[in-house]
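Asker: Okay, handing you the structure first.
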Amino acid sequence: MENYCILGNPNVGKTSLFNALTGSYEYIGNWSGVTVEKKVGKLKENVGQLIDLPGTYDLSPISKDETVVTDYLLNDSFSGIINIVDASQLKRNMQLTVQLLELNQPIYIGLNMIDVATKRGIKIDYHKLMKKLKTPIFPVVARTGKGTKYLLGEIKHLGEGYQPHFKINYGEKIEETIKNMCQIIMTETSHDKYQARFIAIQFLLNNMQIANELNSEVVNKLSSLRDQVAEQVGAVSVRREMERIRNHYIETLLQDVVTYPDEDKQYFSSRIDKILTHKYIGMPIFLAIMWLIFQTTFTWIGTPLSDQLDAFIGGTFTDSVKTIMNYLGVIPFLQDLITDGIIAGVGSVLVFVPQIVVLFFFISLLEDSGYMARIAVLMDRIMESFGLSGKSFIPMIIGFGCNVPSIMAARSIENEKERLTTILIAPFMSCSARLPVYALFVGIFFKENQSLVVLSLYVLGIIMAFLVSTVLTKTILKNDNAIFIVELPTYRVPSIKTLWRSTWEKAKGFVRKAGTFIFGGSVVIWLLSYVGPHGINVNINQSFLHMVGSFFGMLVQPLGFGTWQAGATLVPGFLAKEVIVSSMAIIYSSGDAGLVNVIQNQFTPLSAYAFMIFILLYIPCVSTVAAIRKETYSWKWTALAVAYPLVTAYVLTFIFYQVGHLFV
């Protein structure tokens, strides 16, 4: 099967094009740094496989995710490259395009965001550009799918009759050095003359990954030639001279291809950015937007829908299942397991799906509109005081959905210590798995202020992440503050299709977890409540679950929720935070009183909020722990990532409850 790779700058629509060409769905967002590892999909019409590589501005990698690109181009086998560029930022995007052309591999150029360029008054004669580069160019709008069908039909012809032809003349002295380097590379390695020229150029540009691919003897010979030409070039470094020549080539190339509007008019983006990223009013605007989202999720739309679903699952659905089981003569043990264990456990989590969907919809709306990238800029000023940059906030925002991709997104951070710090604080971001716990408790104890209470927990998670990062960056992970440079994407009206796909995929993941982790956890919790030292079908107070819960309940007694029931729900929370709610449904609903009534009797508003603080901050779930181990390659850092949140949660909850108890 033929392999094709898709490459481009960050946030030019690579993943949108990948989704359009393969029919799959990978997470997309209107900001840079969304793709941090290569993704593989099967092209429609069995054309071949398409590999979506992380966005990069240059083939000299400076961050972990960018090494994936250079490593793939050097070591993997592929039939051709699809280089997608932003038509509204063509000159800057051509920097990477030129480097890819120097590979002298079959290549198509996808001219994306033609609609944005047109709105800005930018005119591009892509036919003329195609003739100059002798490379096929396809105008597309990846977000809507316009032009992608034609591109798909042409991909199978990529490479047919291809003849390597691209070459930039870097001047007599540098070209002589490149020639000598090529001779060494072809003699000492298996690379042909075109690959050798590319390697020589990248070596002169100080691409360290290229150097790592060569043996030490070849590196020493090439380094000697580089030092010689550096003396000949004079005061200007070889790299800077080559970049100057390359920039001149691009300017000449685009001179009669791109026409810009006569006036340098102030676009809508610039005007709105002055307000949304303002150092004084930007943050209040962000908090107000988040409040509106939570108000819609918990008061206006989400909760009423959840109440209807709860009534259906707890009433009509459960009664129907009982009737069917009685008709079929199912033994009492299985009846109890299915109704009191599986339906009660899994159903108690599924009732929050409407709230999850509403929240995900609005988060996707903010992402696709381009607003989230502005928040990263806004937060950069604040995060600098805590030893981080705005680049760390992008993975943190992703953590609002799930902490696992949040940790993986830290690959885009160049500074290794800042990357590690971001990984360690990412679990403090309140993921969607914690939302059912919040929804349950705010619906019982804080009916009039549900959105404010939930917002306060999200803000608390961010504050704790900042405070911990301060400690880490001043002690074991000292680093110099990195300069945060981010490309602000154009504001755009979100695509209904994109919003639907994004919301659907996230909600589907939540439901899928209900069918795996939560299902398994519910069965185990019910069995532990059903079995005890004295046999089966025991009173829950004589069960193994009561024994486990009593031990942990004793430990959290000073935190305000020291009952055995609360203690028992904390343990399976390590599996998945949603299991806390399913465990409560099984434990608290085992008696005659309903779940809500029992919780009201065992918690107060103060202890309920303390419980939510603890759930927010204590140990990450098992999937997050696995992601931390994978990204840090260290059991030491993984152990720290498990231990310190638990200590932090205990101390902060203890302080909150004990101080609050003095006034309430």
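In case you wondered, yes, glycine gets a Cβ from its N, Cα and C as well.
Copied straight from Swiss-Prot:
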type	residues	note
BINDING	Asp52, Leu53, Pro54, Gly55	GTP 3 binding site
BINDING	Asn112, Met113, Ile114, Asp115, Val141, Ala142, Arg143	GTP binding site
DOMAIN	1-161	domain 'FeoB-type G'
TRANSMEM	281-301	transmembrane segment
TRANSMEM	342-362	transmembrane segment
TRANSMEM	382-402	transmembrane segment
TRANSMEM	425-445	transmembrane segment
TRANSMEM	452-472	transmembrane segment
TRANSMEM	516-536	transmembrane segment
TRANSMEM	544-564	transmembrane segment
TRANSMEM	567-587	transmembrane segment
TRANSMEM	608-628	transmembrane segment
TRANSMEM	637-657	transmembrane segment
Asker: Under DSSP, is Asn112 (GTP binding site) part of a helix or a strand, or is it coil?
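Answerer: Going by the DSSP assignment, Asn112 (GTP binding site) falls within a strand, counted as strand.
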Asker: When DSSP states are folded down to helix, strand and coil, where does Asp52 (GTP 3 binding site) land?
Answerer: strand
Asker: For the transmembrane segment (637-657), name the stretch out of 342-362, 452-472, 516-536 with the most CB-CB pairs under 8 Å.
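Answerer: Highest pair count goes to 452-472.
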Asker: Applying the under-8 angstroms CB criterion, which one of 342-362, 516-536, 544-564 scores highest with the transmembrane segment (608-628)?
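Answerer: Highest pair count goes to 544-564.
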Asker: How big is the Cα-to-Cα gap, in Å, between Asp115 (GTP binding site) and Asp52 (GTP 3 binding site)?
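Answerer: Here the two Cα atoms are 23 Å apart.
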Asker: Test of understanding: give the count of other CB atoms lying within 10 angstroms of the CB of Ala142 (GTP binding site).
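Answerer: For Ala142 (GTP binding site), the count of other Cβ atoms within 10 Å is 24.
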Asker: Could you give the Cα-Cα distance between Leu53 (GTP 3 binding site) and Asn112 (GTP binding site), in whole Å?
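Answerer: The Cα atom of Leu53 (GTP 3 binding site) is 17 Å away from the Cα atom of Asn112 (GTP binding site).
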Asker: List, in sequence order, the same-chain residues at least six positions removed whose CB sits under 8 Å from that of Val141 (GTP binding site)?
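Answerer: Expected: Asn112, Met113, Ile114, Asp115, Gly147.
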Asker: Would you report the average pLDDT that the model assigns to the domain 'FeoB-type G' (1-161)?
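Answerer: 89, rounded to a whole number.
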Asker: Select one residue from Leu53, Met113, Ile114: among these binding-site residues, choose the one with the most other Cβ atoms within 10 Å of its Cβ.
Answerer: Met113
Asker: Consider each pair of residues in Asn112, Met113, Ile114, Asp115, Val141, Ala142, Arg143, all listed by the record as binding GTP, and report the largest Cα separation in Å as a whole number.
Answerer: 11
